[in-house]
Every structure is written in C-alpha cells, then in structure tokens.
Amino acid sequence: MFNRRDFIRTGSALGAFTSIPTLESWGDTLLPSLEGPSHHAISLDQHWTVARISKSTPHQQSHQEGQLPQVTLPHCVSQLSWQKWDPSSWEDLWLYRRPLQIPQEFRGLRLFLHFDRVMVNATAAVNGHSLPQHLGGFLPFEHEITSLVTGASNSLSVTVDSRWSNVPPSGSPKGPASVDYLLPGGINGSVELRAVPPIFIKDVFAKPVNVLSADRRLEINCNVDSAIAKSTPVRLVATLQKDKQIIARTSRSVDVAQNRQDVSLVLGDLKDVILWDTENPHLYDLTVTLFVRKQPLHAYKVRVGFRDARFELDGFFLNGKRLQLFGLNRHELFPYVGFSAPDRAQRHDAEYLRRQLNCNIVRCSHYPQSKAFFNACDELGLMVWEEIPGWQYIGDKSWQDVALQNVGDMVRRDRNHPSIVIWGVRINESPNDPELYRQTREIAKSLDGSRPTSGTMTPSSRKDWRQNWHQDVFAFDDYHAAADGSVGIDEPLPGVPYMIAETVGQYSYGTARNFLRRYRRAGDPVEQAEQAVLHAEAHSRAATNQRCCGVIAWCAFDYASLMNAYAGVKCPGIVDTFRIPKLGASFYLAQVNPSVRPVIEPSFYWNFGSNTPTGPGKHAAIFSNCDYLEVFIDGRLHERLKADKDAFPNLKYPPFFIDLNIDGASKPELRIDGYTGNTKALSRSFSSDTASDRLWLHADDMEIQADGTDATRVAFAVVDKFGTPRAYAKGEIHLQLTGPGIIVGDNPFSLDDTGGVGAIWIKSIPGSPGRITLSASHSTLGTNSVNISSR
Ligand code: GAL
C-alpha cells in the first residue's frame, strides 16, 4: 500500500515539496488523454507581455508595464520587415511575463514548465524564483516547478537574452555578419504547463529493427521518472495501433526506483505492418501506459513508421531499393517573424517541398527546425537530414559543451520521426576537430543506434578525411565549375558512402568562380533564367555515378543574411522568402509524373522591356514533363521541341531549349502546348502586353484558428492576363483588414524591391472568431479581396 510518506521526495536534487502528491490525487479524472507525452497540459502561449529591459530604467519599466500590449507565442522581439533586418533591434535582454494559474485538477501533481525553444538564452522564474538558465536556441527544455508554485495564482517570467553570445551558431568575435543567417530572438516556440503523477513516463523511443524481414520488431525504450522514495512496482503496456485497430500489444512489470530509469519492451509479430516510404508514408500510433496496481496513471504516445534507410557504397536505399536523393536545403526563417512562424506556415513549407517541388529529402540547414515541420515530413513522406546549430565556427570549451548538449537534445526530441534518415553531428563546413566530433558522434549513437551520422565537408577536407574522421557518410558541399564553366560535380570519394549536401547556391559558374550571384526577381534576368538550368545540371551530373547517393541543393527559400545578400536578404533560393517560386523553381516543379499533373514552366520572363528588349534569348529553357512541346507566337507555330536528353541524360524530365530571340515591339503572345503521347496534356499562354496585367491575391487557407497564434499567408502579385507573375512590376500595395485578425507584414508594401510579388500573413486574435476580409489595392491595377474565417 502507498501512503502519503511514499511521495515525500527526499534529497536535495529533487528539492522540497510544498504540495505532496497523494494516491487520492491520481483519481480517474486524471486518466491519460492519450495525446502527447503529458498527463495534462495547458498551453501558456497567450497573455504575455514583453519589455526590452536593458535599455530602460527600472522606473520606466514599471511605468510602461500597464501599457504593454499582450503578445502570443511564438513571438519575435523585433518588429521586422521582410528585408533589411538589423540585429541591434533584437540584441538585448527582454522580459516576458504572464500570470500562471494552476487549475484545481493539477493539485497534488508534479508540475513542469516545458519550452519548445527560445532564441537564444532563457532564464525562467516562477514567483520570482529563478530557474537555471538555458543556453542556445532551437531545442526544448523543461523545469520542474512543483515546489515553486503557491496556491492557484502564480507569476511566470522569462528573461530572454537574444544578444550575440558564446553558443552555436554564434560566438565568433566577428559578430552576426559572420554567420550566413540571422538569428532574431524571442520565445519562438510554445510554452506549456504539464502536470504528471509522481511516477510518469518521461520519454519513449520506439526503434523499428529488422524492418525488411517478417520477424521485424519494435524496440521500445521508456524513461520512467519517479519521485517516490521507495521502489514501486509498475506495469508498462505498449500498444501499437493503426487508427482504432490494435496491431500488437506487450507489457512488462518492473520495480521502479526513485529518480529516472529506463525500461525496455519489445513488440514482435509485426509481419503485417505496411512500411513507411516516400510515396506511401504509412504511420502507426504507439501508446505506452504506466499502471500502478492496475490503475492507469500516465500514458505517452508517439508515432512510428517502419522503414529501412541506408547510405551504402553504391547509393542510398530505402526499404531495400536504391533511391536517388533529390532535395533542397531549407532555412526556417520567415519574413516579418524570423523563427516565430506558426505551425501552419511550417507545414506549408514541407508540403511545398514534397508536393510541388517534388523533393524526396530536405536538409534542415543549419539547425533543428520546428516540430510541426517534422510532423508534416512524416506525413508527407519527405525524408530529412537534421543537424545541430552551427556555421563554420567552433568556439571554446563552454561553446562546445552547448554543442554537445544540442546533439543529445536534438536526437532525443526527434528520433521517433521516420522521416529523419541521417543526423548531422558536425558544425556545418567546420574544420575537423577529431575530439569534438568523436563525442558528438558518440552521443548520437548512444541515443539512436539506428541512423548514420554525417556533417558537411569542404574541398580541403576531401584530402585528409581518412585521418581522424569518424562519420558514416561523407557529405560534400560541392561548389565548383567544370572546365567548360558549367556545374562541376566531383567524383565520389572511394570507400565511403557519399552524397552532395549543397551545390549551386549563389555560386558564379563560368569564369568568376565565386559566390556572387543574386537570384532576385528584381535583379538580372539572364542570371535568373540560368538558375534552374544549373540545378538541373547538378542533379543530372551527380546521377552519372551511382555511388553518389544524390543531391540536396542550395537552397529552397531565400533567407535573412548579412553575407553576400541584397538588402539583408540572401537570394540563392529557388523560391523567394515569401514562398513564391522564382524561375529557378521551374526545374523542380516539372520533376513529377505527368499523370499526377502535366507541367510547363518556362525558365524566363515573357517580357520585352528595358531588361530584355529581344525577349528570352537564343537558348531559353522550358521545363516540362511532357513528351514534346509546341511553341506558338501569336498563334503561329514557332517550333516543335524535344527535351534535351543528351545534355541532361540522368534527369527524368530534362529541359527543352528554344531560340526566342525576337522583336517584341508588337507585344506578342506566347503559347506552349505540351503533349504526352498524342494527347495534348496542357496548354499555357503568356502575354507580354502589360496593359492587360491585373492584381492577383491568394490566401493559403480559408480558415484559421482563433488562438492568436495561427496565421495564413496572403500572397499577391502583378500577373499577366493568364496569371503568370509580371517581372519588374512596380507600385505599392495598400492593405486593409476588417474582422478579428491582424496583418503581419509591411503595409503599404512596395513591389519595387521584390520584382512585383509579395505576401503578408493574417494572424488571428485569441478568443475572437469571425470573418476576416483583406483588401489589397494597387495604384493602377485596382482592388482585390479575400475572405477567411477565424474559428
Ligand atoms: C555554403 C554554406 C551555406 C550557404 C552557402 C551559400 O558554403 O554551407 O550555409 O552559405 O554556402 O551559397
């Protein structure tokens, strides 16, 4: 029998208990919700105020306090535009505060504060009692606060230090310009109050083993945390389900000592499970329930996908079949909010990469990204390379300690995602540090023996990688030109699984051999037209040698940067920062079976202005998955085209090239018909007459949640009469919103620097549902509007 004394925790490590959990408090009402890791959780995302503290005196601070507006998480401390971010706008100390109410039903339970992520260092305090500082953005942390709460009403504060500090990726004495991406601060993830019984399941790792054979199994490691002074008999029951159907179940009884301990279970007899793969990302639900004396006290639920992913000497294999890796690097930074975009926006990125850009893998460069992104990758069949924060710089011992901590926190957080197939455990493009990288690898392997480790390497590392190099996969950032100035792809190194983790980027192929390109829609049209062709060359050439597992090119989306950037936005993306495709995307958009959707994407602007007086030029590329194309100018057949299989032998859908060096004085119309077999699969038209241009406005979602966090993107563009964005369109967009929402973004919005497109996000107001209307007006093109509802 338990008695009250059993729950009095002793020992300084656990601290003193002000409220002692009792057996009675584990009543039926506290049965597991079966959603996520905690018994009960409440969101603390709303009702925060935030003040910049180091720049204001204490007097000013208290004066301001009553006037501070409430903010909702995720939140960025700076009001940002889409460009020209200034690190001094966030590099400071910020004080977030909110009340902390403890619901009646949490009485007698252990209480934890859970932070998804805070950029960059965070000190939380409950009722003025400071908790240990957490160092480094990107990864979750938790504090037990059971002994700190007093009654129902408490206060919570978080001091966020978003200055440049000695944690990865920052730390270099050269400051923010020394890292390729900017790091705006704030509480950029969710905060939760979690309530659990005195014994609870802290973590579950479910590792599929022997996946390709009929006797596959699921090895389950449960970390159980007990605050009970004496050893307690518990039973753990693991149930694997597909929707409501139980696939397998097992249980184990153990005595759990005070503090933490691991308990392992094995689920066998899984011969009928369907494997997870990129085309059919089949997922199962695993629930582990902890019973004490037949009473279910706590449950922990994770999703499981059974797949076998291997990087071998002769390529990458998914479930035993060779699969060419086809992907892009992704920075998570969004316009206006940096790393504080809502889950919906994160998921849209994954959907865009998988469904529109047809990638089968994404590299999360150069840090762990949002949970919502990984959940979407699992559901979409988008494989992932995840890596620790860092960029070229390795700091001192305390910096390295944070890097080591990051490896453990990353692997623990994300090892249940079937989409993740490899861990990056080296600082991106850093010099070799044998001792540091021996340790990072060891931590990853000890927490997850099922995935290979890697880290991206530069040309100098190709020579001496065999000495003191301990990763499983050699991932090369291949930026060099071939002798003829086209995209150079080095031969895979012998004796090691090999892949390309970056290529193309802003590299100037041809003669310059530097990172000088700017793929801006408002920039040089000739450079822009070449971007897709360079990406096509890289993927085709890398596929010549089957030893190369494939290519993850640089990169998906433009991002905020002070390095080789234009007005603070680096533009190697094939999609811009607003998530609007550039010409560079045309190659990726076309790499899909025409039975899914026929695609015709010219890699040029149909424009005859001062930038391109004679049109797209002599060697204009069109990307399409059709068998052949017929190109018409003003209704007259100009040319019938076949794809250039000779120059791009290893692409499923190589580009078509055409001479379109023509006189555009008559403002001709272009039509491209695409045929598969003898059937016309698609016809697209393009107008060069700007007189018929119009304003296009599009909301990604018809509905958002009225929680003050959720937001949907509204994109706008000047388009020709057939709907294609008009390059170099200018003017201002004035936005007007009615209803319970706010505009996150620039208003008015100048089209001049974006080249005629843009986007803002509409964010809900907590607890205010209703219909939201956004109208956008352009000085010469009139007004357009969209409606969404907030529920
Ligand atoms: C690479 C680097 C990337 C990005 C890219 C620029 O060397 O790893 O983060 O900076 O260059 O094109």
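Any Cβ shown, glycine's included, is placed from N, Cα and C.
Keep in mind the model is a prediction, meaning the values are calculated, not measured.
According to TrEMBL, the features are:
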type: DOMAIN; residues: 91-166; note: domain 'Beta-mannosidase-like galactose-binding'
type: DOMAIN; residues: 200-307; note: domain 'Glycoside hydrolase family 2 immunoglobulin-like beta-sandwich'
type: DOMAIN; residues: 315-453; note: domain 'Glycoside hydrolase family 2 catalytic'
type: DOMAIN; residues: 697-786; note: domain 'Glycoside hydrolase family 2'
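In terms of DSSP secondary structure, the domain 'Glycoside hydrolase family 2 catalytic' (315-453) contains 56 helix, 29 strand, 54 coil. DSSP places the residues of the domain 'Beta-mannosidase-like galactose-binding' (91-166) in helix, strand and coil in these numbers: 3 helix, 39 strand, 34 coil.
Note on the domain 'Glycoside hydrolase family 2 immunoglobulin-like beta-sandwich' (200-307): mean pLDDT across this stretch is 96.
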